[in-house]
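Working notes, beginning with the structure itself.
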Amino acid sequence: MTSLSLRSAGGVDHLQDPADGKNPVVTKSTAAEDSNLLRQDISQNEVPEEELRILRRIPDKIPWTAFLVAAVELCERFTYYGLSGPFQNYIQNPYKGPGVPGAIGKGQSAATALSSFFQFWCYLTPILGAIIADQYLGKYNTIIIFSVVYMLGLSILLCTSLPIAIENGVALGGLVAAMIIIGLGTGGIKSNISPLIGDQIKSKKPWVKILKSGERVVVDPALTVQRVYMIFYLCINVGSLSAIATTELELHVDFWAAYLLPLCMFVVGFVVLLVGRKYYVVKPPKGSVIIHAFKALWIGLINKGNMNAAKASYQAEHGGKHKIEWDDHFVEELKRALVACKVFAYLPIYWICDQQMLNNFVSQAATMELHGIPNDLMQNIVPLTIIIFIPICDRLIYPLLRKIRIPFKPMSRITMGFFCASTSMAYAAVIQHLIYNAPPCYDAPLKCQASQGGAIPNRVHVALQTPSYLLIGFSEIFASITGLEYAYTKAPTSMKSFVMSLYLVTIALGAALAIALSPTAEDPKLVWMYAGLAIASFIAGIFFWMLFHRYNATEEEMNALEAEQSSSDEEEKATDEVNKSPVSP
C-alpha cells in the first residue's frame, strides 16, 4: 500500500508519496469534496513498517479542549488536597492544645486510620461513577451530577469545622459524614475526568509528518496520550499545592478557613465545566456495554479461560449455544483490558508507600524541629517535584531516550516507580531512627516530661525529610502517570471510565492496606513499619518486572486495536450520514 505523509506550511496542505518523493499539492481552495477526500485519505493512512521502525517519533499537537478539562481537574484536586492536607492535625491533635493545631484529639493511630479510610473510600467510589457513565449518562453528565454531591459534602465539612461546632463535639460526626459524601463526589468525577481528557485526542493512528527542518517523523498517538496525561498530572499537582495555603490558614486562622478556600475553588472549576460544555469531545454511552463485558468474561471463564470462545465467529464455527450481542473486536479489546487489570494487581503495594506522605510523614514532621513552619507543609515537596520534573521528562529526558533508541515503555516506568517508592521508605526509616536517638524524648517523641506537654520536639531538623518526598515525587512521575495512561489506552472504547475506575480502585486497596497497618503507626514501632514498606515495594517491583516486562514488546500491537475501532466507527458514521442524506432525482 502506498503511504501518505502530511505537512502543513504557508496555508497549503501537502501530501507526499514516500515511494517517489514527489509532493502533489492540494490547496485549501480546492472544492469541498476534495477536502473531504483529503481528510479521508489521511484517516486511512498506514505508515509502512520500515518507517515506523527507523523514523523518530513525536507526539501530536494537544487540543485546547484537553487543557480545558485539565483546568477542571486542577480545581477539583485543589479542593481535594486542600481539604485533606489538614486532616491529620484536625483528627490527631486536641483543640487549642500546645504545639501544632488540632480539633478532635484522637491521636496518630486513629488519625492515620481515618485519613486512610477517606483515601480508600474516595478511590472505591469511582466504580459507581464509571458504571453510571458508561452504561447510562455518559462522562460529562456524570461529572456534573457528582460535582453537586461534592459541593454538599464540602458545605458539611465547613459548617462542622466552625469553633462552635468543635466546642460542642460535632466535629467528628460532621467529618465522617463529609468524608462519605465528598468521597462519593470525587469518585464520580475521577473515573470520568481522566478518560474525558483522553477523548479529546482525535488522532488514533500513527502518521508521517515533515517538519520545517525537512525531517520526516512519525506522529505517534501513544506519545500524544503520554503527553496529555503528563499535562493532566501536572495540573493535578499544581492543584495539590493548595495544601500550602490551607495548612497556613489552619495554623494562623482556623480550620474553617482552611476548608472554605477549597469550596470556593471547586465552584470555580464547576463553572469552567459548565461553560466548556459545547466545546468538549463528548462520547455518548453505549448502553449495556458493561453487561456485555461481564457476559463475555463469563463465557471465557466457563471455557477454561479461552476468551476467544466469547467471539461470535467462534460460536458460529463451534456450534455454540451462547447468544453473542457484540462483535469479535470487542472481545479483543476486552482481552487487552484484562492485561491492564493484571498489571494493576501489584499497584496497591506501591500506593501504600505513596500514601505515607499524607499521614505518617506529617506526624513524623510534628516530632521534629519545625522552625516556625507547619508540620503538614512538607508534603508539598511532592507536587513541587512533579511540577518541576514533568516538563524535564516530557521535553528533555524522554525525547533523548527515544532519539538514542532506548525505549522507556510503560512496564519499565512503573517498575522504576516501585524502586523509587522503596528507596523513599528506606530513607524514612533512617530518619525515624535518627528521631528515636535524639533528645529530649528519644523513642517517645512529644510524650516525655522534658517535652513540656508536647511543645518541644526531638532535636532533628524537619528539612531532613526532604529526600523522602523527592523520591515519592519521582515515583509518581514514573508509576502514577503511566498507570493513568495505561488504563486509558488499554480500555475498550466504550469502557474507558470503567477500566479507569479499576485502576483507581488499586489506590483504594492501598489505603485499605494502610488501615490494616495503622496499629503499627505509633512510637516506637515506626522504624520497622517504614523498613517493612521499603522491602515490600522493592520485592513487588522485582516481581512486577519479571511478570510484565514482556508487554513492552507488544505495546504497539495492543494500541493498534484502538485505531482499528476508531476507523470502524468513522466508517459507520460516514455510512449513516450517506444514508440520511437526500437522494438526488
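All positions are counted from 1 along the displayed chain.
Just so it is clear, glycine is given a Cβ too, placed from its N, Cα and C backbone atoms.
Unlike curated entries, TrEMBL annotations are predicted automatically.
Looking at the stretches 170-189, 330-349, the one that TrEMBL records under the feature transmembrane segment is 170-189.
Nonlocal intrachain contacts for the transmembrane segment (255-275), taken as residues 6+ away from its ends with a CB within less than 8 angstroms of a stretch CB, comprise 68, 71-72, 74-76, 78-80, 82-83, 85-86, 90, 101, 103, 143-144, 147, 150-151, 154-155, 157-158, 161-163, 166, 242, 245-247, 249.
For the transmembrane segment (500-521), the list of distant contacts is 108-109, 112-113, 116-124, 126-127, 129-130, 187, 190-192, 194-195, 340-341, 344-345, 347-352, 354-356, 359-360, 363, 483-484, 486-488, 491, 528-529: same-chain residues at least six beyond its ends, Cβ to Cβ under 8 Å. For the transmembrane segment (170-189), the partner stretch with the most Cβ pairs below 8 Å, chosen from 143-164, 413-436, 527-548, is 143-164.
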